[in-house]
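Read the structure below first, then the notes.
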Amino acid sequence: MSLYIGREASKLWKRVCAETTTEINLLADNWKYILGGLIFQYIHGLAARGVHYLHRPGPILQDAGFFLLPELGQDKSYISETLFTSVFLSFIVWTFHPFILKSKKIYTVLVWCRVLAFLVASQFLRIITFYSTQLPGPNYHCREGSKLARLPHPQSLVEVLLMNFPRGMTHGCGDLIFSSHMIFTLVFVLTYQKYGTKRCIKQLGWLIAVVLSLLIIASRKHYTVDVVVAWYTVNLVVFFLDKKLPELPDRTGSASLLLPLSTKDKDSKTREENHKLLNGNSLDPADWRQRTQVNGKILDDASLVHADATAMNGA
């Protein structure tokens, strides 16, 4: 038993090392996209913090979701946050599964490049919308009488840049249309829908997205319009961007053949193809037959050359 465990542990370690080397090479080629996406997450946080300074509490707007769904109350607002955190962490764990599991269909770095592209595009549209019109926040800490409903003007640039982290990130007001929680949830679900392998998890993901939408409204963290706009905006963003971005390489074959060719490899391949063309060889491997040039003509078979020579002697 101990021998079997030791053998499997050795295989797992080799798999982790090989996958790490592959991902590091991919990260070296795509680090600019990863870094740009992460920087924009901070910019999005700054924008959400900035609109809080503009927020003015007022009467809660009439909302169909508030009328239909019972209010959970401030003491149960953690339910939606717990569910969202579970989705967030589960997706991160799934993107790193190629490091330990044999059933590898994705490259972690390339998946996160796509995910960050979807997030950046959706968040950019979100910033435009919540700065266009500031609505009175329906959340409990955004209502009249709460100390957090209005923020005093910042005393320094550092105060703005630090965003009162982490409380400033969880107790914002004014960044309503459309829901940031739904942006992340829908991007994660759509990504797994395309690259995941378990059908039951795909169905569970969509069910969780619907349940989380209802919980956000019942917790009075967003108006119904914030959630509805997120549903069709994020889906449209992912639909159009997915067609523009390069598709992920398929991992069903040999790993060495699936990685994108470097410039050196491409140049070497081009020189090899040119050399074959100069020698009269076809680029099609099925057509790599020995060829001989006689009287300016290229013949496919040496027997044809012999027959041609015999005919000339007979003449």
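Each Cβ is built from the backbone N, Cα and C atoms, and glycine gets one as well.
Sequence annotations record features per position, and here TrEMBL assigns transmembrane segment to 78-97, 109-131, 176-193, 200-217, 223-241. TrEMBL lists 172-240 with the feature domain 'Sphingomyelin synthase-like'.
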Taking the transmembrane segment (223-241) as reference, the highest number of CB pairs under 8 angstroms among 78-97, 109-131, 176-193, 200-217 goes to 176-193
Other parts of the chain folded back onto the transmembrane segment (200-217), taken as Cβ under 8 Å at six or more residues beyond its ends: 63, 65-66, 69, 72, 79-80, 83-84, 87, 179, 181-182, 185-186, 188-189, 192-193, 223-224, 226-227, 231
Could you count the residues of the domain 'Sphingomyelin synthase-like' (172-240) that DSSP puts in helix, in strand and in coil? 53 helix, 0 strand, 16 coil
